[in-house]
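Down below is the structure, laid out as C-alpha cells.
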C-alpha cells in the first residue's frame, strides 16, 4: 500500500514544479529539480534491477540447456533412446521455449518510462539551459575567470567541486556561437580542445571543435590564427570541404592585408619626408578631458572588490553604535546594532535584525509564490520581466502571516517612517549568476508615471534584508560613488533614495552583483513618500 502514497507525493511535487518556469533564475526553486532527478534515478535503478533479474533467469536456462545439448549431441540416438529424454525434448520445444520467449519479450520498462514521461513535461527548457550557460559567461566576464578555472571547478568558496567535460565546454561554446558571441565561442572551444589534447575521452572529435574555433577567431579579425587552426584541422581531415575552402580564402585575405599594410607604410614614409622638408607648424594643444570609466566596468570592478573609493579619512568617520531612534519606546531597553557602511549617500547596516527562524518562515512562505522578477517599464509604468534582472521574487503581506506584520513594524520603529504606504515585502532569490544590473529604486523626472498606480508618491527609501550568506559574489554596489556592501545573513541595510526636498539622490544608483558561488536570498521594503510628511519634513535646499 506504499505505492499510492509515493504517487501522491510525486504528484504534489510535480504540481509545485508545474507552477514555475525560468528555473535558472532561482537557485531556491532549482533545488526541487534535484529531488525530481533523484526520483528518476531510483526509478532507473528499479528498471535495471528488473532487467538484471530477467537476464539472470535467461542465463540460468541457457547454461542448463548448453550442458544438456552438449551431452545429447554426442550420441543423439542413444540419448533419445531413453523415453524420459524423448518426453522432455518434446516438452521443452513445445512449452518451455515458448515460456522463455514470453520471458524475453516481457517489458520491464513500463514503470520507468511512465515516470520519465510524467516528469519530463516539468523539466527545464532550452531557455533554462541557455540562461544557465549565459550566466556562466557573465560570471566569467564579471569576475575575470579563465575558462580553465571554471572548467576545473576551482571557484572561491565552493563546497561541491564539479568538473566540466569536453562536451560541456563545447556546448557552452555553441550557445555563445548561436548568440553571435565569437569571443566566448573561442574561449570555450579552445578549452574543449585543450581537454581533448590532454587525453580526455569524449564522443567529440578535434575536427568539429577546430571548425568552430577557427571560424570564431576569423570573425574576430585574427586571420593568421584562424589559418593556423584551419591547417591543424586539415592535418586531421585532409578532405574537409569547408576547411579547404577557408584555407584558400584566408591566404588570399592575408596577402591582400599585407599589400594594404605595405601601401600604408609607403604613404606614411612620404608624409614624413614632406613634414621634414616643410617648416613645422605649431600644433594646437589637444583638449584633454578627464578619463571616464564606463559604468559597466565600474560595476564589475566593484563586484570583484576593486575600485572602492572609501579613503582612510572617510573611513575614520564611520562608526557603529547602539541605536534607539531618539528614545523610541520599543528600542529604549533593546536598542539595535547600527553600523555605518557609507557616508555619501548615507548607508547604514543593522546587525542581528532578523532571526534565523523568521528567515526560514519568510522563505517557506515565498518559495511556492516565486515568479520571475519584474522591473518598472519607464514608458508604461507597468511591471515587466527584464534580462538584466536574473532572479525570482514573491510579495508577502501581514495577511499571509502575522510575522510579516511584526517585521514591517520593526522597520517602522527603526526608521521612523510610515509603513502603511510602503510596498509589500518583496522576497527575492537569485539564480545561476543571479544579478540586477545598475538601476535606481526611485522614479526620475522623465518617469512621471512610474508609481502612479500606487498613488503613494515616489520611493523615498529602501530597506534591504540579507537572508543568506553568499560564498562568493553577490555584493550590492553603488557604481557612481564606488561603494560595495556585502551580504551578511541576519543584517539589513537602509538608505534614502530621495533628499528631504523630494529630489532624487542620483548617487543611490546601485546593482546586485552576480552570485558566483552560493545561494542569495534577500527581502526588501520600498518605502514611499505619502505618510512621511511629519516624519521626515521637507527641506528647502534641493540636496538636503
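Backbone N, Cα and C define each Cβ position, glycine as well.
Just so you know, TrEMBL annotations are computer predictions that nobody has curated.
Residues 258-296 are the range that TrEMBL records as region 'Disordered', among 180-218, 219-257, 258-296.
Beyond the ends of the repeat 'TPR' (207-240), by six or more residues, the same chain brings 166, 170, 173-174, 177, 182-183, 185-186, 189-190, 192-193, 196, 246-247, 250-251, 253-254, 257 to within a C-beta distance below 8 angstroms of the stretch. In the predicted structure, the repeat 'TPR' (207-240) carries a mean pLDDT of 96. Mapped onto DSSP helix, strand and coil, the compositional bias 'Basic and acidic residues' (258-279) counts 20 helix, 0 strand, 2 coil.
Under DSSP, the residues of the domain 'Fe2OG dioxygenase' (421-529) split into helix, strand and coil as follows: 3 helix, 48 strand, 58 coil.
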